[in-house]
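To keep things clear, I will list the structure first and then write my remarks on it.
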Amino acid sequence: MATLIHTLADHSDDVNYCAFSSSCLATCSLDKTIRVYSLSNFTELPYSPLEGHTYAVHCCCFSPSGRVLASCSTDGTAALWDTRDGRRLAVLPQPGASPVRVCRFSPEATYLLAGAADGSVVLWNVQSLKLYRSGNVKGGSLMACAFSPNGNFFVTGSSSGDLTIWDDKMRCLCNEKAHDLGVTCCDISSHPISDSENGFKYFQMASCGQDNQIKLWLILFADFLGVELKYKCTLNGHSAPVLACAFSCDGQMIVSGSVDKCVIIYETSTGNTLHTLSQHTRYVTTCAFAPHSPLLATGSMDKTVHIWQLDVKQPCAGDTVENERKVAVEAWSEDDVSAWLCAQDLADFVGLFKMNNIDGKELLNLTKESLANELKIESLGRRSTVLQKIEELRMTMISVSVPVPDEFLCPITRELMIDPVIATDGYSYEREAMENWISNRRSSPMTNLPLHSLMLTPNRTLKMAISRWLETQQK
C-alpha cells in the first residue's frame, strides 16, 4: 500500500522536479525558486526558498554527501548551493546560454553534468568550478541524463528520441533510437544484475518518453568489450506521455509519472503494477524515491508535491530507517548517521554531526563527555536523549553464526564486507582490501585485466542489503 501522508503546496507555479538527500527533500518550479524541506517533519528549512535564478528552474539534485544542491534553469545557468545555510556557491553558465534542462552529480561528486535545450552537454569540475568537457547530442534538446553507479559512464536522452552513452571523457560510446516521439527522462539503478553464465554485471536503466511508454534496458560496460545496450522490455499502463521515471534504492521498483495525471509503481523483475496513484489534478512531472526510508515524492503542474509512505512489506520499501539500519552500525557513513538522526526525531543535530564528521564508528564511541565537550551540546536533557538512542543501537549489535551469502563476501578476503566499494571492473570489494590490492598492482582481482581507473565508489545498495541480512539473523 502507498499512503499519502503529506502535501507540500508552497510553490506558486508548476513543480518541475524533486530530489531527496538522506535528510532533506528539494523541489523546484516554474516560479523560479527551489524549496528545501526537512524529512523529519516536512517543514521548510529556514533558508528556503532559494532564489537567484531569473527564469524557471527545471531540475535540482543533491551531491552524494547531501552538502551541495545543484539547480538549473531557463536562464542558461546551473547553480550550486550550500545545504547547511542556503548560500549560493557558484553560478555555472552553459556555453551558448541555452536553457539548461537537467543536471546530475557524478557518484563521487567530482563533476556536475548539465544538459541544455540546444543539445549541449557539459561536465563541470565541482572543485575548481571549471568546464571539464563538453559535447552535443544530435538533432534535439537534451531532456534527460543519468550516471552509472561507478561513474564510468553516463547516459543522455534527447527530444529526438535517442539514448546516448558517454564515457567520463565525454566520448560517445553508443547511440540508440529509444522513443519515437522523444525521451523525457531516464534513470540507472544502483543495483546491478549478474549474468552467471558469462560472469558479467549489467546496469539496469529505465527510460520514458512521449510515446506513453517506459522501457527497461541492460547496459554492459567493460574495457575489453566496449558498451552493449540491450532492450529488455516495455512497461505499459499510462495512457499519455510519460514525463518521469525513477528506480527505488535497491532497483526492485520503478515509479513513473505521466500527462494522464497518474503515478504508477512497478515491480522491476516482473513488470507488474504494484500501485496506481491518481491524487494529482494535472500532469505529473517528477517522482523520486528517498534513499534511506520508504518515502516517495511526486510533483505536478498542479503546484503540489505529494509525499507517500510505502508499505514496508512491499519490495524495496524495506523497513523504516530505525529498523533497516540498526545493525552493522560501525559501517555507517555520515549520511547513514544523518538518516538515523532524522528517524529518531533528532534532525536538528544533523548539521552538528556532519560538521564533526560523525560516522557509524564515531557514533558508537560518543560519550556523555564528548557530547558536552567536543560537540558542545549544552542541554543535559538533549545529551541524555542522544545517549539513550545510541545505547539502543549498541544493544542491537549481533554476532552472525550462519553461513554468509557469497555475494556479501569480499572476493579478496572472503570475509563479510563492512564497507563495500565498486571498482572499475564492476565488482564489489571490501574497501581496505581493495585499497591494499591496487597499491601494488593495477589489475582486477576477478579478471586479472588492467583497471583503467583506480577509483572506488561506495556500494550503498550492497551495504544496505548486508545490514538487512544481518537483521534477519536476529529474528
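The backbone N, Cα and C atoms fix where each Cβ goes, and this holds for glycine too.
Not measured: the values here are computed from a predicted model.
Residues annotated as repeat 'WD' in TrEMBL: 50-91 (among others). Mean model confidence of the repeat 'WD' (50-91) amounts to 95 (pLDDT, 0 to 100 scale).
Residues annotated as repeat 'WD' in TrEMBL: 100-134 (among others). Here the repeat 'WD' (100-134) has Cβ contacts under 8 Å with residues 58-65, 68, 70-74, 76-78, 80, 90, 92, 94, 140-151, 154, 156, 158, 166, 168-170, 455, 457 of the same chain, all six or more residues outside its ends.
For 146-167 (among others), the entry in TrEMBL reads repeat 'WD'. Counted with DSSP, the repeat 'WD' (146-167) comes out as 0 helix, 14 strand, 8 coil.
Residues or ranges marked as repeat 'WD' by TrEMBL: 235-276 (among others).
Taken from TrEMBL, the feature repeat 'WD' covers 277-311 (among others).
If you look up TrEMBL, you'll see 332-396 marked as domain 'SAM'.
Look at TrEMBL and you will find 403-475 tagged as domain 'U-box'.
Panel annotation: around the repeat 'WD' (50-91), residues 13, 16-24, 26-36, 97-105, 107-109, 112, 114, 116, 124, 126, 129, 334-335, 338, 351, 354, 458 of the same chain, lying at least six beyond its termini, place a Cβ under 8 Å from a Cβ of the stretch. Within the chain carrying the repeat 'WD' (235-276), a Cβ under 8 angstroms from the stretch's Cβ atoms is held by residues 1-2, 181, 184-191, 204, 206-216, 282-292, 296, 298-300, 310, 314-318, 460-461, 464-465, all 6 or more beyond its ends.
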